[in-house]
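The ATP binding site annotation in TrEMBL covers Lys10, Ala11, Lys12, Met13, Arg14, Arg140, Leu141, Gly142, Tyr143, Gly144, Gly145, Gly146, Tyr147, Tyr148. Residues or ranges marked as substrate binding site by TrEMBL: Ile56, Glu61.
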Amino acid sequence: MEKDNLTYIKAKMRKEYLEKRNLLSSKDVEQYSMIISEKILSHPSFVNAKTIMAYIPFRNEVDIRLVIEKAWAIGKQILVPKTEPKIKKIEPYLISSWEDLELGHFNVYEPITLNKKPFNGAEIDLVLVPGVAFDKKGYRLGYGGGYYDRFFNHNKMIQNKIGIAYDFQILEQLPIDNHDYPVKELITEKRNIKIG
């Protein structure tokens, strides 16, 4: 598939699935997020992880703040990404409380990075990956910047990647590029899908 055509198809799909997600009621978001969070908390990859890269939800993304709070309560380290738009890159930083966040690029809460260094990817045990849509091979449709794909390309040692989504965001197959990186598993409110 030609790159221009692929970009167009992805943009069209992105618009469609963002519109669907935006139509979710706050009650649905809360209910589905609770089910998904409970599934994450009991998942062996979470239970065995010491250091977890999570995300701060926005625009009706699955709300995993309960997962973050429980992780803190049992002594796990939580990292969240800081976006660097000029170089189209995300870097994970350690946060120990909600006070470690500030409103950043794209109106997403991000870590305050003053006097902090980004975390070494080799020390990350689990990444909880948000997305606009995923397919059953684990490929992800993001917001179009390629941030997560670039991050995974530079951190190939990270094996445990779980896509977090609502069930309607799971498709049979997404159009993919040679720089797209799949997750190893998907968790929705209805099912877990192991890849491979």
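Using the three backbone atoms N, Cα and C, a Cβ is placed for every residue, glycine included.
Cβ-based neighbour count (10 Å, all protein chains) for Leu141 (ATP binding site) stands at 22. When the record's ATP-binding residues Lys10, Ala11, Lys12, Met13, Arg14, Arg140, Leu141, Gly142, Tyr143, Gly144, Gly145, Gly146, Tyr147, Tyr148 are compared pairwise by CA position, the greatest distance found is 20 Å. Gly145 (ATP binding site) sits 17 Å from Glu61 (substrate binding site), counting Cα to Cα. Spacing of Arg14 (ATP binding site) relative to Ile56 (substrate binding site) is 20 Å (Cα to Cα, whole number). All protein chains shown were included, and the count of other CB atoms within 10 Å of the CB of Gly145 (ATP binding site) stands at 15. Counted over every protein chain shown, other Cβ atoms within 10 Å are most numerous around Lys10 among the binding-site residues Lys10, Arg14. Among the binding-site residues Tyr143, Tyr147, the residue whose Cβ has the fewest other Cβ atoms within 10 Å is Tyr143.
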